[in-house]
Amino acid sequence: MNIQQVIAITGAGSGIGLELVRSFKAAGYCVSALVRNEEQEAGLRSEFKDAIEIVAGDVCDHATNEKLVNKAVARFGHLDCFIGNAGIWDYMLGVDEPWEKLSGSFEEIFDINVKSYFSGISAALPELKKTNGSVVVTASVSSYAAGGGGSCYIASKHAVLGMVKALAYELAPHIRVNGVAPGGTVTSLAGPASAGFDKTKMKDMPGIDDMIKGLTPLGFAARPEDVVAPYLLLASREQGKFITGTVIGIDGGMALGRK
């Protein structure tokens, strides 16, 4: 049990992020969660009551990330781990799209999938330095291979892989930095507004389970609860203390190619 450990999680209102809140809370962590809007805040409040801290706001806004950290420290006294998990998909957006659509989508995707992680880490860093804490970010099987999205999404997830390596080197020996790379996981992941996908949810795509199953050697599409275990390992001071600069794949073998 990690009763005294305090963790801040972005993208915590749905999908993998929501499952992370549940899993870390069950493991004894104190949790501060950043969600997108009041609807998600109400959902977490209904489930967790006052057991966790909740911030609703734009993950790309640095003041919002600072608020997430400050609320964690104000209530629980310190911060041990920051998890950057917010993200959007591009719904296979191609480079042959009109430039205005492509450029806007690129900016949205990189703002959320990459820049928001830097913002959250920057906000958390002063507190993590006090505790010799750690960072975990959500990468993807698309951090290693093509085919898991369009070029904007794949480029953003390759950037996350580079971020993990660079920051692990920069912040050692006092702060560990790692990532988790899920494969095909059915969630409510939305897309860029510039491409008209901001109201679209991956889980509602016709045939999404069969599509992921066909790409995954283990033969099934994951759900959020199937991919949270590596986050718990990497955040743990005891079990993860000798791990940094590592991205753990949990993709059903998708990175190996089709069977």
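The first residue you see is number 1, and the count goes up from there.
Including glycine, each Cβ sits where the backbone N, Cα and C put it.
Other Cβ atoms within 10 Å of the Cβ of PHE24 (NAD(+) binding site), summed over all protein chains shown, number 26. Swiss-Prot lists 8-35, ASP58, LYS157 with the feature NAD(+) binding site.
For SER140 (substrate binding site), the Cβ neighbour count at a 10 Å cut-off comes to 31, with all displayed protein chains included. Annotation comment: Swiss-Prot describes SER140 as substrate binding site.
Annotated active site, proton acceptor per Swiss-Prot: TYR153, in sequence order. Look at TYR153 (active site, proton acceptor): DSSP puts it in a helix. The C-beta environment of TYR153 (active site, proton acceptor), restricted to residues of the same chain at least 6 apart in sequence and closer than 8 Å, consists of TRP89, ASP90, LEU93, ILE109, ASN113, SER142.
Mapped onto three states, the DSSP output places ALA12 (NAD(+) binding site) in coil.
SER140 (substrate binding site) is 21 Å away from PHE24 (NAD(+) binding site) when you measure Cα to Cα. Long-range C-beta contacts of LEU20 (NAD(+) binding site), restricted to its own chain and to partners at least six residues apart, with a cutoff below 8 Å, comprise ILE9, ALA12, ILE83, ASN85, VAL228, TYR231. In the structure shown, the C-beta of ALA8 has more C-beta neighbours within 10 angstroms than that of any other entry among the binding-site residues ALA8, ILE16.
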